[in-house]
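J.: Reproduced below are the annotations present in TrEMBL:
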{"type": "BINDING", "residues": "Leu8, Gly9, Ala10, Gly11, Lys12, Met13, Thr35", "note": "NADP(+) binding site"}
{"type": "BINDING", "residues": "Asn55", "note": "NADPH binding site"}
{"type": "DOMAIN", "residues": "5-97", "note": "domain 'Pyrroline-5-carboxylate reductase catalytic N-terminal'"}
{"type": "DOMAIN", "residues": "160-264", "note": "domain 'Pyrroline-5-carboxylate reductase dimerisation'"}
Amino acid sequence: MGRLIAILGAGKMGEALLSGVLRAGRRPSELMVTTRREERGVLLRERYGVEVVTNAEAAKTADTLILSVKPQDMDALLGEIRPHVPPGRLVISMAAGITTSFIEQRLPEGVPVVRVMSNTPVLVDQAMSVVSAGSHAGEEHLKLAEELLSPVGKVLRIPESLQDAATALSGSGPAYFYFLVEAMVDAGILLGMPRAAALEMVIQSAVGAAIMLRDSGEHPVLLREAVTSPGGTTIAAIRELERHGVRAAVLEAIEAARDRGRELAEG
Ligand SMILES: NC(=O)C1=CN([C@@H]2O[C@H](COP(=O)(O)OP(=O)(O)OC[C@H]3O[C@@H](n4cnc5c(N)ncnc54)[C@H](O)[C@@H]3O)[C@@H](O)[C@H]2O)C=CC1
Ligand SMILES: O=C(O)[C@@H]1CCC=N1
């Protein structure tokens, strides 16, 4: 039997990680979840065969506690589990903005905490996860977090000072791509394309571009230049994107996401 893992607050991200960990070969008996709503617990038990327990029971029994509630709910959850967390538990937080020191201050002295920022492509084993150690977490704890996360995507270690930036870049990143896809499909509609056809064209272009980015080893500038023929169609579009300040908008948008992350720990 491996380490017992509990996912506390199994919502969208918690369920995505649960399903990934099961796909990676862990048995349902090695996992437990907690939920706020009873129906949600019933659904997760039926769907994955995992045990549904209270936060206190999870804190008492599991070796690794994965906190996946919203940042705004973290203070209350930590207050609930504090009396039940014995020494030796590993606490992994998935929450945006919440620092390891925020968690350490609300748990018994010495509990190792690892902060993680992942993203929704966990669901298809293509997550980007970044991990940072709190002040009581060492190599063994980072390794345990990496073992959990590497079957569902890529994992990078980063200093905690860059966690809010990573949240803005890769945590929220999928949303920006979906937003662009939506806008491109609208453009197809504007040009008289049937919606289903526009969606198919845009999705396949996105997938093709993503795989080339990942697998060719080429810099994105070179890949974009290869599409941009002199006097051609692409440069006409790029001129408009530049005229509307899309690059500056992206810089400011991601900076705003980073700043919002910093605010979240303040409640
Ligand atoms: N959705 C996303 O793309 C990403 C989210 N995150 C982070 O993951 C965390 C969870 O986000 P989502 O899964 O999107 O939110 P969610 O709202 O789907 O899931 C949170 C769950 O926690 C439950 N909950 C709240 N308080 C509880 C308590 N005391 N005990 C038991 N359950 C409790 C809620 O009922 C809810 O089901 C957040 O901290 C967020 O910052 C991180 C990366 C990406
Ligand atoms: O929007 C949010 O707050 C969460 C964190 C990263 C992605 N979604």
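Just so it is clear, glycine is given a Cβ too, placed from its N, Cα and C backbone atoms.
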J.: Please list, in sequence order, every residue of the chain apart from Leu8, Gly9, Ala10, Gly11, Lys12, Met13, Thr35 whose Cβ lies within 8 Å of the Cβ centroid of the NADP(+) site.
T.: Ile7, Gly14, Glu15, Val33, Ser68, Val69
J.: Where the record says Leu8, Gly9, Ala10, Gly11, Lys12, Met13, Thr35 bind NADP(+), what is the longest distance in Å from one Cα to another among those residues?
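T.: Binding-site diameter by Cα atoms for NADP(+): 13 Å.
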J.: Does anything in the same chain, at least 6 positions from Lys12 (NADP(+) binding site), have a Cβ under 8 Å from its Cβ, and if so what?
T.: Thr120
J.: Leu8, Ala10, Met13: which of these binding-site residues has the sparsest Cβ neighbourhood within 10 Å?
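T.: If we count Cβ atoms within 10 Å for the binding-site residues Leu8, Ala10, Met13, the smallest count is at Met13.
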J.: Mean pLDDT, the domain 'Pyrroline-5-carboxylate reductase catalytic N-terminal' (5-97)?
T.: 97
J.: For Gly9 (NADP(+) binding site) and the residue listed as 'NADPH binding site', determine the Cα separation and express it in whole Å.
T.: 9
J.: Report the member of Gly9, Gly11 (the binding-site residues) whose C-beta atom has the most other C-beta atoms within 10 angstroms.
T.: Gly9
J.: Please report how many Å separate the Cα atom of Ala10 (NADP(+) binding site) from that of the residue listed as 'NADPH binding site', as a whole number.
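T.: Cα of Ala10 (NADP(+) binding site) to Cα of the residue listed as 'NADPH binding site' measures 11 Å after rounding.
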